[in-house]
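Swiss-Prot lists 9-29, 50-70, 82-102, 115-135, 161-181, 187-207, 235-255, 275-295, 311-331 with the feature transmembrane segment, giving sequence analysis as the kind of evidence.
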Amino acid sequence: MLELFFEYIFPLIIIALKVVAITIPLILCVAYLTYAERRVIGLMQLRRGPNVVGPFGLLQPIADAVKLLFKEPIIPTNSDKILFILAPMITFILSLIGWAVIPFAKGVVLADINVGVLYILAISSLSVYGIIIAGWASNSKYAFLGAIRSSAQMISYEMSMGLVIITVLLTNGTLNLSGIIEAQRTMPWWIDLMLLPMGVVFFISVLAETNRLPFDLPEAESELVAGYNVEYSSMGFALFFLGEYANMILVSAMTTTFFLGGYLPPFNISWLDCIPGFFWFVFKVGFLLFCFLWIRATLPRYRYDQLMRLGWKVFLPLTLFWVVLVSSVLVYTDNLPSI
């Protein structure tokens with residue numbers, strides 16, 4: 001009996017504990033990211049931001065969560081009730097399961113699979129379904145138009161993201177995210193320099209992928225009231241909100257892994273190796289999240305035609321050209337990694 005327990009049940013308990021150990025801190029980070037956003041935007045606009053609930057307003061996210069929890073969930077009369085309820089759950093769950101393959105430090109990863117990049121791409125492409133279902137099930141023209149915009153926007157920029165990731169795979173020679181980080185430890189400086197423009201393109205693309213300013217067309221308040229989540233209240237609205245911010249943290253972690261060395265120190269200095277890799281990972285992700293907030297506070301929203309033109313006529317040809325350029329340079333210099 002004990003053999004069966006240790007062979008079958010004990011590994012499942014360990015996996016469940018790992019999932020809880022990742023999920024609970026992530027939800028707390030998402031809650032306090034909303035607080036950080038309001039504080040940063042407030043400071044940039046020369047005002048205080050939330051500062052009433054608790055010291056320095058630190059309990060504001062908890063107050064918001066309690067408020068949304070006790071609000072009445074209103075379901076529109078002519079909506080598809082089952083899909084209407086499922087849509088925010090799909091969005092939130094997909095934003096969490098992408099973290100399964102992200103390495104927080106050396107050896108600290110829930111599932112260190114050999115196709116981690118494909119897993120991340122699959123999860124990011126599935127996330128559009130929650131938004132489409134929400135727009136269609138709401139039986140509202142504003143929600144439906146926001147959902148159509150979102151699906152077109154996400155599909156447009158996924159093409160560029162995929163080509164950017166191909167350049168990363170060409171230089172690192174692996175689909176394993178831990179392997180990508182370790183390959184950057186010994187990567188020549190000129191390859192890092194070649195990947196720099198692709199890092200910028202990738203970050204701009206994930207801004208569009210997560211529907212953040214200046215690409216928040218699916219929820220443009222001045223045109224669509226609130227976009228695909230206009231009919232949602234209570235925990236349905238909260239789950240969409242949490243899903244959006246969890247996706248922000250996830251794409252920041254992806255950018256950190258692909259272009260900033262993940263948990264590696266930023267410079268090859270011996271005494272920096274004494275600092276735990278988890279600290280460097282959190283620091284880099286925090287910096288990218290600050291860039292998200294900074295961009296929201298400073299840039300105006302793009303027009304829809306400008307958004308599509310940037311995706312299809314600028315980023316797609318540029319990334320395609322860069323894939324050819326990087327592969328040609330790697331073959332010419334005999335630096336193409338063996339797979």
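Here the Cβ of each residue, glycine as well, is placed from N, Cα and C on the backbone.
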Using a Cβ distance cut-off of under 8 Å, indicate which of 50-70, 115-135, 161-181, 235-255, 311-331 has the most pairs with the transmembrane segment (9-29).
235-255
Which of 50-70, 115-135, 161-181, 187-207 contacts the transmembrane segment (82-102) most, counting Cβ pairs under 8 Å:
115-135
With a Cβ cut-off under 8 Å, give me the same-chain residues at least six positions beyond the ends of the transmembrane segment (115-135) that come close to it.
83-84, 86-91, 94-95, 97-98, 100-101, 143-148, 150-151, 154-155, 158, 161-162, 165, 169, 175-178, 180, 209, 218, 228-229, 232, 240, 243, 247, 254
Cβ under 8 Å, sequence separation of at least 6 from the ends of the transmembrane segment (187-207): give me the contacting residues as numbers and ranges.
157, 160-161, 164-165, 167-168, 171-172, 213-215, 251, 254-255, 258-260, 288, 291-292, 295, 311, 315, 318-319, 322, 325-326, 329-330, 335
Within the same chain, where does the transmembrane segment (50-70) have neighbours whose Cβ lies under 8 angstroms from its own Cβ atoms, ignoring anything closer than 6 residues to its ends? I mean 6 or more beyond.
31-32, 34-35, 38-39, 42, 234-235, 237-238
